[in-house]
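Peer 1: Have a look at this one before I ask anything.
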Amino acid sequence: MVAAAEKPLEVSLNACTAGENYSAQEGAFEGPEKLLELWFSPSIDALQEHQHVQAARGGLMAVPRPIWEDMLALVKCTVLNTIHHDHVDAYLLSESSMFVYPHKMIIKTCGTTTLLLALPRMLEIAKEYCGFEKVWRVFYSRKAFMFPDRQMGPHKSWASEVKFLDQYFDDGSAYKIGNMSGDHWHLYTTKPTEDDVLHHINQEPSHIQGVMHQQEYSSSGDSTPTSTDSSFETSSPFGIPHLREEDQTVEILMTRLNPKNMERFYHHQGDMPSGIEGGKLVDQMTGIDQLYPSADVDSYLFEPCGYSSNGLWQDRYFTIHVTPEPQCSYASFETNIPVAQSHPEDSHDDPIDRLVRQVIDIFDPASFTVTFFTAHVPDQRRHQRMIRSMSQKLGYKRTDRILYEFDGYDLVYGHYIKTGLK
């Protein structure tokens, strides 16, 4: 594994009070991110089978950084810093993060960024530099915006976002999950391309309505550990026997954060540095550095406030973004590191509950949402454990626990409010 950090660019944007994404008149920042995943192949292995792509530094990872930066200009964000592993590059952005693998890319941006307006350019880059003619699968999601009237372009409403995506993908399905009159979550997904997308790759590149089931549970909240059965470890998330990639994503989206805890995410002139150095200090002060102690972490403290962090562990990532201002406080955590590996079960908690507790203890939110999105495995015991995975949390009331079954994926959604609050 190779890890290297580049010198950060000198930029003036920050997460709290600068740049086009900040509303000076209203004095508020839109923390909830737009999250887009584009998969051009189900795995690196499948990519190599159909095209001579190196496992390390090949495919999308071979796209030059200036090309990505030009694309990000359409989104209205810039690159602050990068870290590299053999199979993934992590880009720390002025508004959140981007992760590039040989066969897929994940980009999440906050504020009033226009993420979807860059989609055509992303597809052009994949075709021009990698020969990828088609997308294998797409995921787009976001929490309900705090200030929806300030969004731009297709992001003015969920309906307009879905309409925009449908221009590029034929089999998309859109969902609203949770309480429509309160906190809720949006998801757009496509089914896997029936024809193996890799058969449509140029050998010499120039440089749903799927079946969906919803179930709501109001069970007692008993906790059951996530399965670590060998059948799960060797089953393909995509129904392809030779693949071993375990696709799993956990998001924790937190609002109304404890102002005392948020003091650590402000830059206090004279007391501490900002930028990369300040980010490292925040990691140590808050306990963020203990979430994944062996990961390579790239953190950034903005002036006068705000924080972003990317972490790489082998070929997996985690990312954290914080808007600490009391009138719009928000923090997000996301990872595709399998929770059973990073937070093994103990006698008291299952892995997902241990991870959630460790994260919310850092921010002490008045309310938070957890989404646990994982490739489907035909294992009834594990399926039942997923249903029960969103257990009650000490000090919080669970208001929603919903299970969705998609084509090839399972999603468990949970929403929590601090006891005694509304």
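Just so it is clear, glycine is given a Cβ too, placed from its N, Cα and C backbone atoms.
Please treat TrEMBL annotations as automatic predictions, because they have not gone through curation.
Dumping what TrEMBL says about this protein:
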type: BINDING; residues: Phe29, Glu95, Phe302, Glu325; note: substrate binding site
type: ACT_SITE; residues: Ser96; note: active site, schiff-base intermediate with substrate
type: ACT_SITE; residues: Cys110; note: active site, proton donor
type: REGION; residues: 210-245; note: region 'Disordered'
type: ACT_SITE; residues: Ser308; note: active site, proton acceptor
type: ACT_SITE; residues: His321; note: active site, proton acceptor
Peer 1: How many whole Å apart are the CA atoms of Glu325 (substrate binding site) and Ser96 (active site, schiff-base intermediate with substrate)?
Peer 2: 17
Peer 1: Here the binding-site residues are Glu95, Glu325; which one has the lowest number of other Cβ atoms no more than 10 Å from its Cβ?
Peer 2: Glu325
Peer 1: May I ask which of the recorded positions Phe29, Glu95, Ser96, His321 is closest to Ser308 (active site, proton acceptor) if we compare their C-alpha atoms?
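Peer 2: That would be His321, nearest by Cα distance.
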Peer 1: I want to verify one value. Collapsing DSSP to three states, which class is Glu95 (substrate binding site)?
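Peer 2: DSSP assigns Glu95 (substrate binding site) to coil.
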Peer 1: Tell me the Cβ neighbour count for His321 (active site, proton acceptor), meaning other Cβ atoms within 10 Å of its Cβ, over all protein chains shown.
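Peer 2: There are 27 such Cβ atoms around His321 (active site, proton acceptor).
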Peer 1: Phe29 (substrate binding site) to His321 (active site, proton acceptor): how many Å between their Cα atoms?
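Peer 2: If we compare the Cα positions of Phe29 (substrate binding site) and His321 (active site, proton acceptor), the gap is 12 Å.
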Peer 1: In whole Å, could you give the widest CA to CA gap in the substrate site formed by Phe29, Glu95, Phe302, Glu325?
Peer 2: 16
Peer 1: I'd like the number of other C-beta atoms within 10 A of the C-beta of Ser308 (active site, proton acceptor), please.
Peer 2: 26
Peer 1: Cα within 10 Å of His321 (active site, proton acceptor): which of the recorded positions Ser96, Cys110, Phe302 qualify?
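Peer 2: Final answer, ordered: Ser96, Cys110.
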Peer 1: How big is the Cα-to-Cα gap, in Å, between Phe302 (substrate binding site) and Cys110 (active site, proton donor)?
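Peer 2: That comes out at 15 Å between the alpha carbons.
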